[in-house]
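Asks: Before anything else, here's the structure in question.
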Amino acid sequence: MLGCKGEAVVRRWLTLVTGLLECLCFAGVVFGWASLVFVLKTEGYFSYLCVNTTGVNGTQLLDCSAQDEQFSLIFTIASFMNNFLLLPNGFLFDRFVCSFFLSALSVLLFPALSCISVGGILFLVTNMQIGNLFGSARSTIITLYNGAFDSSSALFLIIKLLFEAGISLRASFLFLAACGIIHLVRTFLLLPRTHIPYPLPEGYTYGINCGQTKTFSPEQTAAIAMATFWECFLSKFFLWHLVWLSVMQLRHYLFIGTLNPMLQRLTQGEPSLVSTYTNAFAVTQLCGVLCAPWNGLIMDRHKGKPRATGVSEKEADLRASVLSLTLTALQCVLFSICASTPFLSLQYLTFVLQVLNRSFLYGGNAAFISIAFPPCHFGKLYGMIMALSAVVALLQYPCFTLVKGVLGGDPLYVNIALTLLSLLAFIHPVCVYLHCCGLAAQRGKPKDTLPSRSS
């Protein structure tokens, strides 16, 4: 039989693997929206909004722009709820830790998709703390979970394929709802009652143990904090990180929310081609879990190596994050350029760049917050930044309305504007780099020189 130490190691790996499966199968399914829209259109949802119009040559055309606008509104609300409700949940996370499952099946798509969205993001938030159990690979595991969150959007592709095989939407969603039992069992057996602290104290255990359990309350963790929540919130790091996340997230949300009408336009409304490209997009989402850990490896590449004299672990982490932040911003610009180019075959490359950038974006977001700010504020700051970025993401709906109305269905000018807006993301890594250079300069000053307060 395994000893206490052996049981603890097995429990940690079981927690890691089951959390990964939980995020991979359920957390980010809402972002497979393009696949679900295809099914919903086939089922006739909002089909009454389609009207017959006369084309240039006098031919009769079916105009479904109002239907597309309604579907875009549903995704806008769901993606907003996905992020904005992390604000109150983040405060609860810093006080209590448990795993939630919120799923819904309703004839009303608005509350149904919103509940699926909110429940999924809570899976991600509660599981990211598992990275604290693996100190030297902490950022890698955080990004891995975010990659699984991205890949879970392929679940709607599976539902789409099952629908085409004769399985109804009702049966698929009832099965997902029944899976809530699995989440409850895992919560009670493999998650701690409170936070997993970082750095991990010696002898830390959780769950059902053969020996005495050593846990640490949020108050004990907060006692070692170097800054208050408001100091963190008002810092330049948080401000520019918010800009970095918001501009790129807006680009991704608008792309996902308008993918179906974009494919309709590029394929001249050919259903088989729309289905093929929709499936291709959904399949590429599976690669998120493979792409995201590379970002974590970039951020963890200095772990285990000796640091220069006077360099703290936080400073080393921040310096390592500069490359990650820069690569993510560069990927977004390349993705936006490809998405702005109206060539159908080029969209395969767009799909690849989209999933690569999205996996880097959300994994890097969580990893940066975990290394730049005290652990006791992680939930609040993560919830705050996601909520504020959700407000910015609401711009996707007026952008979609602008394209459908004034621009006559041509998104070129909106895409160019979003590409230029994405360039703002480069300010954040420059800010972090200059901060690290300032710390290095302070170490070179005479000892009697008082260092200025860092951000």
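Heads up, residue numbers simply count up from 1 along the chain you see.
Quick reminder: no glycine exception, Cβ is built from N, Cα and C everywhere.
Look at TrEMBL and you will find 12-39, 71-93, 100-125, 137-159, 171-191, 322-345, 351-373, 385-407, 413-436 tagged as transmembrane segment.
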Asks: Cβ pairs under 8 Å with the transmembrane segment (171-191): which stretch of 12-39, 137-159, 322-345, 351-373, 385-407 has the most?
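Replies: So the stretch in question is 12-39.
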Asks: What residues elsewhere in the chain lie close to the transmembrane segment (413-436), defined as a C-beta under 8 angstroms and at least 6 residues from its ends?
Replies: 236-237, 240-241, 243-244, 247-248, 250-251, 254, 315, 318-319, 321-323, 325-326, 328-329, 332-333, 336-337, 339-340, 399, 402-403, 407, 454-455
Asks: Tell me whether the transmembrane segment (322-345) sits in contact with the transmembrane segment (351-373), defined here as at least 3 Cβ pairs under 8 Å among residues 6 or more apart in sequence.
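Replies: Yes, the transmembrane segment (322-345) contacts the transmembrane segment (351-373).
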